[in-house]
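Database features, via TrEMBL:
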- 58-77: transmembrane segment (TRANSMEM)
- 83-101: transmembrane segment (TRANSMEM)
- 113-137: transmembrane segment (TRANSMEM)
- 143-160: transmembrane segment (TRANSMEM)
- 167-190: transmembrane segment (TRANSMEM)
Amino acid sequence: MFRAFPFQTDFFNHEIPLLKRKQSAFAIEDLPGLWRLHWQLGQITIFSTFYTRIDQACLLWGIISIIIFLTAQFAPIDWATQAFFWSGLTLLGTGAMIKLSEKWATIEPLNHIISAWIFLMLAGLVLTDLSIFWGWAPILTQLPLLWLALNAFGYLYTGVKMRSRAFLLICFVHLLAIATLSYVGVWQFLETGIVIGLSAVLLAELQWDSSGVCANHPLGEKP
């Protein structure tokens, strides 16, 4: 009876660290679109890392999210202008995500994960724009909640599909942020930008567990 539960004891590979620092720019084989950054002075390595295409997509989404929500928090710009600005950046991020992950688009479960994130981002964009231009106050006043919830669901779905504790942990962080929104008052957009943006950047900067899901296909970009 208990073996039918999705998180049986062997669902996650607990021998793999949940998150760990990337060893160096040369700790991974050549992959399509791979970025290597290595800064060395003499025999001293100052900075060395790499970014797969998935890392690049996470990094881009992190930067876009921070820009959008910090603009909403601090910039004296009317909502309609911000909606055009948000829409452009979100569509840019979605298009880049599709391009960067195109080699994964036919591989299960990665294709389902990519499709889910595209749906969530576009759904959030449509709801945000409609709430602004049609004056849907119940949604307009809860935009931080909306985007935190969409991202939480995306990380939950990704965590289950990838069998990754790291994504489930980030899902929990988003749920915790939702629970604390009422306590931060007028700083809800700031909190949302920090949580969504830094979560994506963290995934780009660190290696995360995937319990072999990424490695078990010929296009595997190791996390």
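Cβ atoms here come from the backbone N, Cα and C positions, even for glycine.
A contact between the transmembrane segment (167-190) and the transmembrane segment (58-77) is present, since 3 or more of their C-beta pairs, 6 or more residues apart, lie under 8 Å. Proximity of distant same-chain residues to the transmembrane segment (143-160), defined by a Cβ-Cβ separation under 8 Å and at least 6 residues beyond the stretch ends, is recorded for 6, 69, 72, 113, 116-117, 120-121, 123-124, 127-128, 131, 166-168, 170-171, 174-175, 177-178, 181, 188-189, 191-192, 195-196, 199. A Cβ distance under 8 Å defines the sequence-distant neighbours of the transmembrane segment (83-101), meaning residues of its chain 6+ beyond its ends; these are 33, 53-54, 56-57, 60-61, 64, 67-68, 71-72, 77, 110, 114, 117-118, 121-122, 124-125, 128-129, 132-133. Listed as Cβ neighbours of the transmembrane segment (58-77) (distance under 8 Å, sequence separation of 6 or more from its ends, same chain) are residues 51, 85-86, 89-90, 92-93, 96-97, 143-144, 147, 187, 189-190, 192-194, 196-201, 203-205.
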